[in-house]
Structures are given as structure tokens and as C-alpha cells.
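A short write-up of the structure that comes next.
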């Protein structure tokens, strides 16, 4: 059967931030270990058959039933947040999701340790939201003092030099172990602030306030923190969980269209690997998501967080199951590293990487052509690339993938789809010919 189109989709030019200015059920997952380098994962849609402990994991005030959204915008109303719990025993924490949450100071203040706070943000987000966050931290709480450090914006600054600016501010401010770091921004800020919190004085409290779709549905949840190295993305870091994640969906009002689309790549990922019902909902509602329908976005964020929280609760340190959340990331990280950090947004690279992973899955005979076409079509609807940049070569992919974090004993393990939609494997047990064929199909040399 013919493969889908391999033409690279043109990327929208970068844009800056625009100052504007239920009951929940869980997935029933069954794991089968075939060999030390292979994890097979069958994931049904979120169902009510899970046990009571798992249900507590996903507590939420809004229904998980997936309504079909229209594309007409509605005015967001501040109300009690939806809460999704990440169940990690005595290190469990809530994810608050809703509109106007930054106007509810108690949500933040209940998770602040001590009287000293350092807000880590960037030059794009600070002019829009820093004062609001400082107000939320100090309103009715005059004994709390807040410092801030404003970092340059962009993936290319996710490095040791920039990280040192956080440590400089913390040390100059004489912060102690009773302080709290607050990450205010997208995935880069969350990753760096979390790593700084994990390292400063061997670990201090921190809170995530993600302001992009990408960070809200993925990077702020689960405790992955770190920085990039010139030889590879996220090679330096730690697992370090926040005290809470506060997702004020109003922050998406100032998010550029390109950043919105980038975050939707991770939303699509959850549907492909473990939640077929969610994928089908996305197919019906992608126009509403692209039009920023508040109800559609709130549902997509909640459902994504439920999927992520369940996986993290079962496999915090990515020994197997959690690795499946990296569908497309091995190819995508190679694009980001080879093409240059910041040239493509993370979600853009992941989108192209997912198309490559799906293509390889099809070449292995593990999925049928309908899944190939559906994955391709939904990413196109989201205005995301479906092929890597033309400058990427087979050798560039191979050299970067050789140092990927999922390499074990010299064997590159990949997340690939296998079986019906919503099923995947994390494995090193595959025909290398299929990988070569995929790379050559998407690269000119």
C-alpha cells in the first residue's frame, strides 16, 4: 500500500505573545514484558471499571463524558477548579484546572512553604502575568516576600548558563530550604525551574504555573526537569515533583496560534498511544480547539492530564510504561537537536516525529493504513508539520538518536504503534530495515 504524503508542511512564522489585555474515570492498562528491551502496552479508553484507588487518582469536578463542541467562543467564568490528582503516595499532588484560577489566591498559598518565594519566568510572560502571580502569592499574606528572575525566552536558552541565573538570584537573595520556587511560563521555564529547585540546597519546594498548552497537557505534570546539552535534548536533569500544578486556562488567551498548535501535538499523542475515544473526540473537535473554544480546550487539557497522571502514578521514573508517552519524541528530539534548538517548536518536531513513528509502525506491519491516514490528517488539521525539515539527513537522525535517553546497552528503543488505535509498544525488538526505510523515505540523503 502506498505510504502517505511525505511533503514537509510549511511552518508558520514565529509570533510573539499577544498581551490581552465529574466524575473522572481511568484507563485500564495491561502490560506484557516480552524481553528486557520491549514493553507492550494495551490501553483501553478511560473507563469506569478501575478500582477505587485509581478513581481517587483522577478526581475531577467536571464530567469525563466527551461532549461534541461547537466552534463558537464562550466567555470563561471563574469557578471552582477541576482537580486531577497525581498519586505518588506521600508525594502526591493536585493539578488544578480552570478559568480565573490566578484570581483565587488560596490555591497557590496553600502550597507555599516558608515565607520566601522565587518566581522564575521569562521575558515574554513576565509583562503579562508576573504581577498577577505576585498578587496571588501575597494577597492577604503580607508575611510572604517574593523575588523574581526573568530569563530570556526560547528553547535555545534551556542550558546551564541560563540555569545559573536562577541560582545566582536565589543565592543573592539568601533563600533557604524553606523557600518555594514558582515556575511561571511554558515547558522551558518549567523544566529549568524544576531542575533548579531539585538542585538548590539539594532540593526545595516548587510549584508549576504553566501558561502554554504544551506545558499544561504534558511537561508540567510528572516531575521531569532538566536542561539541554549541545549534543542532545534533556540529557541533564532530574525527576522532581512539584507541590501542585495550577492551570489557569485564561493564560491561553495570550498564546500565539503557533504555540497553541504545538501543544496540540501532545494532545494527539495521548489518543494515539492509549486513549482511542479521546482521539475520536479530537477528530470531531479539532476545529473547536483551533478556534480556542474554552470548553473544548478545558476538556482536552483535563483528559490529557488524566492520562498523564495515571501513567506517572504507575511508573514515575520511566522504567517502562511512562516511556510510551514519548511517541515521536526520539525522531522529534533529533529534529530539534539537528535543526537547531528553537528553529521548530517542540510540538512541531514531535508532530513530524509521530508521523515518522507511525510510518515505521506501518512498515513493520503492526498497524493498518487507516491509522496512518488518521494520524496524518489530524496533525494537518492542527496545522502541524508532517515531515522533518528538508535539511535533516539520515546521518543526522542516526547520530542524535544514538545518544537518546531510551538507548539501553547500545540498543535504540522506540515507541511504536501496534494493533488497534490506542495501543503501542516500547521496544528494541524491531526490524532495523524498517527504521532505515522510514529515515530514507523522509530524508533526501
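The backbone N, Cα and C atoms fix where each Cβ goes, and this holds for glycine too.
Not measured: the values here are computed from a predicted model.
Summary of the site annotation: Swiss-Prot records divalent metal cation binding at 329, 346. Screening the candidates 266, 280, 395 against this entry identifies 266 as the one listed for that site. Reported as a whole number, the C-alpha separation between residue 155 (NAD(+) binding site) and residue 346 (divalent metal cation binding site) equals 8 Å. Of all the binding-site residues in the record (122, 187, 190, 251, 254), the one with the smallest CA separation from residue 329 (divalent metal cation binding site) is 187.
When the binding-site residues 187, 190 are scored by other C-beta atoms within 10 Å, 190 scores highest. Reported as a whole number, the C-alpha separation between residue 122 (NAD(+) binding site) and residue 266 (divalent metal cation binding site) equals 23 Å.
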